[in-house]
Amino acid sequence: VICYRKYTNNVKTCPDGENVCYTKMWCDGFCTSRGKVVELGCAATCPIRKPGNEVKCCSTNKCNHPPKRKKRRP
């Protein structure tokens, strides 16, 4: 399976045994100014969701699209 791995159109073919694409999002100390931290990648199984985190998993090529960022005000 092919998954996105950064906030660009940067994709990679997952290693053997990793057939799930995931998107993990959470807030850090800069959440109010920068938005949520986003991690994209491949895994053998869907990562476990921790309190305060969002996790989305899928298993088709390029299915973990990077979320759209809000536009900054000038």
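Heads up, residue numbers simply count up from 1 along the chain you see.
Placement of Cβ uses the backbone N, Cα and C atoms for every residue, glycine included.
Features of the protein shown, as given by Swiss-Prot:
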DISULFID  CYS3-CYS21  disulfide bond
DISULFID  CYS14-CYS42  disulfide bond
DISULFID  CYS27-CYS31  disulfide bond
DISULFID  CYS46-CYS57  disulfide bond
DISULFID  CYS58-CYS63  disulfide bond
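Relative to CYS46 (disulfide bond), the disulfide-bonded residues with Cα atoms inside 10 Å are CYS21, the candidates having been CYS21, CYS27, CYS31, CYS63. Secondary structure at CYS57 (disulfide bond), as computed by DSSP, is strand. Of the listed disulfide-bonded residues, namely CYS3, CYS21, CYS31, CYS63, the sparsest CB environment within 10 A is found at CYS31. CYS21 (disulfide bond) and CYS27 (disulfide bond) have their C-alpha atoms 21 Å apart, to the nearest angstrom. Here the Cβ of CYS42 (disulfide bond) has 20 other Cβ atoms within 10 Å, regardless of which shown protein chain they belong to.
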